[in-house]
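Chemist: The (6R)-L-erythro-5,6,7,8-tetrahydrobiopterin binding site annotation in Swiss-Prot covers Ser118, Arg381, Ile462, Trp463, Phe476. Per Swiss-Prot, heme b binding site is recorded for Cys200, Tyr491. Under the heading L-arginine binding site, Swiss-Prot lists Gln263, Trp372, Tyr373, Glu377, citing similarity to another entry as support. As annotated by Swiss-Prot, FMN binding site applies to Thr545, Glu546, Thr547, Arg549, Ser550, Ser591, Thr592, Ser628, Cys635, Glu661, Gln665. Residues or ranges marked as NADP(+) binding site by Swiss-Prot on the basis of similarity to another entry: Arg750, Thr929, Thr984, Arg1017, Ser1046, Arg1047, Lys1053, Tyr1055, Gln1057, Asp1090. Marked as FAD binding site by Swiss-Prot: His772, Arg906, Tyr908, Ser909, Thr924, Ala926, Tyr930, Val943, Cys944, Ser945. According to Swiss-Prot, the feature domain 'FAD-binding FR-type' maps to 730-970. The phosphotyrosine annotation in Swiss-Prot covers Tyr575. Residues or ranges marked as region 'Disordered' in Swiss-Prot: 27-84. Swiss-Prot lists 515-535 with the feature region 'Calmodulin-binding'.
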Amino acid sequence: MACPWQFLFKIKSQKVDLATELDINNNVGKFYQPPSSPVTQDDPKRHSPGKHGNESPQPLTGTVKTSPESLSKLDAPPSACPRHVRIKNWGSGVTFQDTLHQKAKGDLSCKSKSCLASIMNPKSLTIGPRDKPTPPDELLPQAIEFVNQYYGSFKEAKIEEHLARVEAVTKEIETTGTYQLTGDELIFATKQAWRNAPRCIGRIQWSNLQVFDARSCSTAQEMFEHICRHVRYATNNGNIRSAITVFPQRSDGKHDFRVWNAQLIRYAGYQMPDGSIRGDPANVEFTQLCIDLGWKPKYGRFDVLPLVLQADGRDPELFEIPPDLVLEVPMEHPRYEWFRELELKWYALPAVANMLLEVGGLEFPGCPFNGWYMGTEVGVRDFCDAQRYNILEEVGRRMGLETHKVASLWKDRAVVEINVAVLHSFQKQNVTIMDHHSAAESFMKYMQNEYRSRGGCPADWIWLVPPISGSITPVFHQEMLNYVLSPFYYYQVEPWKTHVWQDERRRPQRREIRFKVLVKAVFFASVLMHKAMASRVRATILFATETGRSETLAQDLGALFSCAFNPKVLCMDQYQLSHLEEEQLLLVVTSTFGNGDSPGNGEKLKKSLLMLKELTNTFRYAVFGLGSSMYPQFCAFAHDIDQKLSQLGASQLAPTGEGDELSGQEEAFRSWAVQTFKAACETFDVSGKHHIEIPKLYTSNVTWDPQHYRLVQDSEPLDLNKALSSMHAKHVFTMRLKSQQNLQSPKSSRTTLLVELSCEGSQAPSYLPGEHLGVFPCNQPALVQGILERVVDGPAPHQPVRLETLCENGSYWVKDKRLPPCSLSQALTYFLDITTPPTQLLLRKLAQLATEEAEKQRLETLCQPSDYNKWKFTNSPTFLEVLEEFPSLRVSASFLLSQLPILKPRYYSISSSRDLTPTEIHLTVAVLTYRTRDGQGPLHHGVCSTWLSSLKPQDPVPCFVRSASGFQLPEDRSRPCILIGPGTGIAPFRSFWQQRLHEAEHKGLQGGRMTLVFGCRRPEEDHLYWEEMLEMARKGVLHEVHTAYSRLPDQPKVYVQDILRQRLAGEVLRVLHEEQGHLYVCGDVRMARDVARTLKQLMATALSLNEEQVEDYFFQLKNQKRYHEDIFGAVFPYEVKKDGAAGLPSNPRAPGAHRS
C-alpha cells in the first residue's frame, strides 16, 4: 500500500519576507486564532474556512513516524512571514498582500514575451477528453491534498477522522484506481470551486450554493429528470437560488456524463438561406447540431433549445424542456413605450452547463450550475454585442441619436437605456437580477473578506470589470492576481467535436474537421487564394466622401470586382500619386462638396493630380460621382478627375457615372458598376468571364411582387417625434409656432417669412450661431387625400397598420423597419415623399400596375433616360399627378408604404442667437410656389415653406439641430469678418449680429470689425431686415453695411460680387491677408461661385499671384477655416430654365438651406 504520509507531511523550507509595512490582511507576523463562535452541523457555512480555509494543514518537519498528538501542530502558523505579492487599489490606495497564490495549481498560459490573459478559453483553463483513467500515482497526492484541505476547513481539528479518511482514500485508490467523495466532501468541493473561480464577480454568495448529488444516475432520462428538478428549484418563480447538479465522475474517459448545451436554457440561432441569422447567432452551430439530431426548428427569434444529454459515454439524446419550467422576461423600458415593439425577452435562469469540476484529481464533466444575472450580461453582451442580437443601432435610431457619428456617443447612450430596460423588466416581473455597480461593490467586499480570511483571492481583471461603466466601478481600479486553485471549474472541448459515435446513422451530417487538419486546410486555401489573387489584374478603388456614402459604395464595388480581379479599396488621402505609374485598373467613387469642390479627404489628391503634367503609364479607369442635381456643379469633382486622367493619357473603361441623391442614386450606381465590371472583364480578357456569379446586391429583382408584402392591423398609437427620430437617426424635438412675419413689402409678388418658434420647455435646445435647424414638414392635405382616393384594396385611411415583408425563403413574415406602425393617411402626411418626381425604377414598377396596355407602354418608355429627363423636367410631377396622368394604375397601400421614398427634412440656417432669445429659434424662409410646363402647368408649392406658412400659433413643428462647425463665428472675436449673403442668405448672419449684440450689451465684449454685404432686388420691395441692419450699424455691431440692388429702374444690375469689386477690394485684402480675418458666404450656389471668382481676381491682382498660386491661396484659407461657405442650390424653376445649359437642377423643389 502506498504511504499517504509522504503527501501529508511534506518538508517545506520557509523563506523570511522582511516586509515591514502592514496591509489590510492584518496578518503579517501574527498568529492564527480560529473564530470562537460555534457553527452547527446544519449551518450552510459549516465548511466556511478560517484564516487558512483553503490551505492544507501545515506539515510537520521531521520523521514520518509521529504520534497522533503531533497532528495538533497542523494548525500552527509558519515561523516567519510567508512570501507575498502586494496588490493595490489605485482608487482607494488600499493594498493587499497575497500569499494564497503559493497554493496555485500549475501554471497559467502567460509566457515571458507575451501575455495571454485576454484569451477566451486558454489551455491552462481547459481540460480535454481522456481515453484512460488517471494513474494512481498522479491521483493519490491530489486526493490527499484535497482531504487535507477539507479537514483544514473545520473550526476545530478532527485529527482522528482526518487520518482515517486519508487511510481510506489511499486504500480505495490502491484497490480500484480511483475513489469516491463523500456527500459532505462533494458539497465542500463545489462551493470551494465557486469560491476559487477567478472570472466570477458574484462569489460573495459562494457558501449558499445548493448541491444536488446526481452521481447515482445512469441514463440520459435520469439526467433530464435531475436537470428539471434543478431548474424548478433554481427558478423559484423568479426568486433565483444558486444551485449545482453533479453527475457521475469521469472514469476512463469513455463513459462520461455530459450536458452538450453551453447553458441549460438558451435560444436557437438559425442560419437562413440568404446568409442572415435569425435568433441568437452564438448558438448557430449548436442549433444545427440539434436539427441534425432530429429536433424540429421553429425559426423564431427566441426558441428555447432542447437539452442534449450524454450518459455513460453513449450517444446523446434530445429532450425538450417543458415550457412551464422556462421563466422568461419580456423587455420594456420605463420611459420608451416603443421598446416593447422590439419584441425582446430573455430567460431568467443563467445556468452554465458545459464546464468541468476538478477536485482532488477527480473530474466531473457534467455539473450544470447557476447563479443569477448581472444586468449587463443581458443588456450589453446578449443584446448589444455585434455577434449576438445586435440591437444597439436600432435602439439608437429609435432614440433619435446620431448613429452615423461615432463621436456623438450614441452607442454609450443607447446601451445605458437598454440596460435600464433590462433591469426594469426583471424587477417588474420580480425576477432576481443585480446591476453591475452593486455587483462590483459586492465583489470588493468579498475580496476584502477573502484577503482577511485566507490571504488571497484569485481574480481575472479582464472578466470582472463590467462591460460598461469601466472606471466608475471600483473593480476597475483594483490590481488583481490571477491563479488556479483546486477545486476548480474548467472549460471543456465541445463534446460533438470529440464524441465517438456508437450509432453512425445518428452522426450529424456536417462532420467537424480536426483542428490540425483545419489549420492545414485553411493555410493551403489561403496560399491558393493568394496565388490566385496575385495572378489577377490589380484594381485600385479610390473614394472621397463627406458623409461616408462614397466609402460604402466603394466597398460594394470592391466586393463586385473581387469576383474576377484583385481589388484594393483606399481613401484618396491614403493614396500616393506616384502609384499611378503602376496601376492597371483605377476606379474612383467620389462625391462633390460645396461649389464643385472635392470632399475634404480628396483635396490632397485633387491638388496633386491637377498639378501632374505627364504620365507614362496608360492604365484603364472609370469614375462614378455622387451628388445632388439641385447644385449646378453636379458631380463636378468626379468629372474633373475623369477629364484630368484622360488628359494624362489614361483610357476610360466606361462612361463616368452619376448618382443623384434626388433621383435613384443606388440604382444608377449598380447599373454603372455592373457595366464597368463587364467592360473590365472584356478588356482584360478575364477567364470564364461569361460564367462569373456576381454578388446578389447587383442582381436584385427590380420588379414589384405584391406577395412579398402585407399589412397587419396595429393598435400602437403614433408618437411622431419618436418615429421621426428612429427613421432619421436624429434627436427630434417639438417647437411651436410663435409668430410669422412677411419680410417682403406688399408690393412684392414673393413671400419671405421670419418664422419664430418657441420651445415647449424653459429653454430652447442648444445651438450655435450659424447652425441649421432641420424641419420635418407635412405634405399638403389635398395631395394626401387625392392619393388616398385612388388606393385599391386599402385599409381605412385612419386605421393603424404595420407593413410586413416575407423573408426570402418564404417561411415567415418580419416587420418592415422603414416605417413605424401608422395609418396610411399618417404615412402619406408625415413620412413619405409624394412631391418628388418618381425615379425610373419606381416608374418601372408602376408599369406593372397599369391595366391599360398603352399606359403600361408609356411608363416603360419613360424608364429610358432621354424620355425620362424630358418628362421630368417639363412636368416635375407629384405622385398624385402621375396617378392622374395614368388613371389605369391600380396602386395598393402596401405598394405605397414599401416603394415611395422617405420624406426628408428641410434645413434652414438659424436666424437667432440662443443667448439673446433663449426660448426661441428664428428661421428665414422663402415661400416657394411655381407652375410647371412653362407656366401653363399646375401650381406647385414648396413642401416645407408652404407648410410653415400655413401654420397657426402654437402649432407643433418637429425639428432637430444640425451642427455646422465650418460656419461659426471666429473663436477669437477680435478678428474682422466680412459677411456676404444676398436674399435669404442673410439668415445665418442675423444670428451672428444678435450674438455680437448680446456679448456687447450683457458681457461687455467688443468684437472685431463686421462688414455686411447684402443683395436684393429693390429697397422698397425685398430688403430683408433693413431696420434691424440699421439698428446694428447704429450700435456698432455692424461696422459697414453694403447693399447690391439688382432691379432698380433705369439702373444697371448690381450684385454682391460687384460690391466687392467696386467698394471693398481694400477691405478684402486687409481682412483676409493682413489681419488674418474671416470671410463668410451664404446663399445660392451660383452666387457663391461668382463671389469666389471675384475674390480670387482681387487677391491675384493685389498680391501678384498667378492662377495656380491664387488657387493655392484660397485652398489654404479653407484649410485654416477662414473662408466659410454655406450654400444651397437654385430652387426656382425660371432660374433652372434660364441656366439650364449650365447644368442647373431639374428638381425645383429640392431642399435648400433656406428655401424649400
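The backbone N, Cα and C atoms fix where each Cβ goes, glycine too.
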Chemist: Here the recorded positions are Tyr491, Tyr575; which one has the lowest number of other Cβ atoms no more than 10 Å from its Cβ?
Modeler: Tyr491
Chemist: When DSSP states are folded down to helix, strand and coil, where does Cys635 (FMN binding site) land?
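Modeler: For Cys635 (FMN binding site) - judged by DSSP and reduced to three states - the answer is coil.
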Chemist: Can you tell me which of the binding-site residues Trp372, Ser550, Tyr930, Gln1057 is spatially closest to Phe476 ((6R)-L-erythro-5,6,7,8-tetrahydrobiopterin binding site)? Compare CA atoms only.
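Modeler: Considering only the listed binding-site residues, the nearest one is Trp372.
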Chemist: Where does Lys1053 (NADP(+) binding site) sit in DSSP terms: helix, strand, or coil?
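Modeler: Note: Lys1053 (NADP(+) binding site) is coil by DSSP, not helix or strand.
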Chemist: Just to be sure I understand the packing, how many Cβ atoms besides its own are within 10 Å of the Cβ of Tyr373 (L-arginine binding site)?
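Modeler: Summing over all protein chains shown, Tyr373 (L-arginine binding site) has 26 other Cβ atoms within 10 Å.
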Chemist: Looking at the binding-site residues Trp372, Thr592, Thr984, Ser1046, Lys1053, whose Cα is closest in space to that of Cys944 (FAD binding site)?
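Modeler: So, spelling it out, the nearest of the binding-site residues is Thr984.
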Chemist: What is the interatomic distance between the Cα atoms of Trp463 ((6R)-L-erythro-5,6,7,8-tetrahydrobiopterin binding site) and Tyr491 (heme b binding site), given in whole Å?
Modeler: 15
Chemist: What's the CA to CA span in angstrom from Thr924 (FAD binding site) over to Gln665 (FMN binding site)?
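Modeler: Computed Cα spacing between Thr924 (FAD binding site) and Gln665 (FMN binding site) is 30 Å.
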Chemist: Going by Cα-Cα distance, which of the recorded positions (Cys200, Arg381, Ser550, Tyr575, Lys1053) sits nearest to Trp372 (L-arginine binding site)?
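Modeler: Closest recorded candidate to Trp372 (L-arginine binding site) by Cα: Cys200.
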Chemist: According to DSSP, folded down to helix, strand and coil, what is Ser1046 (NADP(+) binding site)?
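Modeler: Reduced to three states, the DSSP call for Ser1046 (NADP(+) binding site) is coil.
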Chemist: Can you tell me the CA-to-CA distance separating Arg381 ((6R)-L-erythro-5,6,7,8-tetrahydrobiopterin binding site) and Thr984 (NADP(+) binding site), as a whole number of Å?
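Modeler: One finds 50 Å between the Cα atoms of these residues.
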Chemist: Show which residues of the chain containing Gln1057 (NADP(+) binding site), separated from it by at least 6 in sequence, have their CB under 8 Å from its CB.
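Modeler: Long-range Cβ contacts: Met1087, Asp1090, Val1091, Arg1093, Thr1094.
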Chemist: Using DSSP and collapsing to three states, where does Glu377 (L-arginine binding site) fall: helix, strand or coil?
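Modeler: Reduced to three states, the DSSP call for Glu377 (L-arginine binding site) is helix.
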Chemist: Given a 10 Å Cβ-Cβ cut-off, pick out the one of the binding-site residues Arg381, Arg750, His772, Lys1053 that has the most other Cβ atoms nearby.
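Modeler: Result of the Cβ crowding comparison: His772.
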Chemist: What is the Cβ neighbour count of Phe476 ((6R)-L-erythro-5,6,7,8-tetrahydrobiopterin binding site) at a 10 Å cut-off, with all protein chains included?
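Modeler: A 10 Å sphere around the Cβ of Phe476 ((6R)-L-erythro-5,6,7,8-tetrahydrobiopterin binding site) contains 17 other Cβ atoms.
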Chemist: Looking only at C-alpha atoms, tell me how far Ser118 ((6R)-L-erythro-5,6,7,8-tetrahydrobiopterin binding site) is from Cys200 (heme b binding site), rounded to the nearest Å.
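Modeler: Ser118 ((6R)-L-erythro-5,6,7,8-tetrahydrobiopterin binding site) and Cys200 (heme b binding site) have their Cα atoms 15 Å apart.
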Chemist: Starting from the Cβ of Ile462 ((6R)-L-erythro-5,6,7,8-tetrahydrobiopterin binding site), draw a 10 Å sphere and report how many other Cβ atoms land inside it.
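Modeler: The answer is 13.
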Chemist: Kindly state the mean pLDDT of the domain 'FAD-binding FR-type' (730-970) in the predicted structure.
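Modeler: Residues in the domain 'FAD-binding FR-type' (730-970) carry a mean pLDDT of 91 in this prediction.
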Chemist: Of the recorded positions Gln263, Glu377, Tyr575, Thr984, which sits closest to Tyr930 (FAD binding site) by Cα distance?
Modeler: Thr984
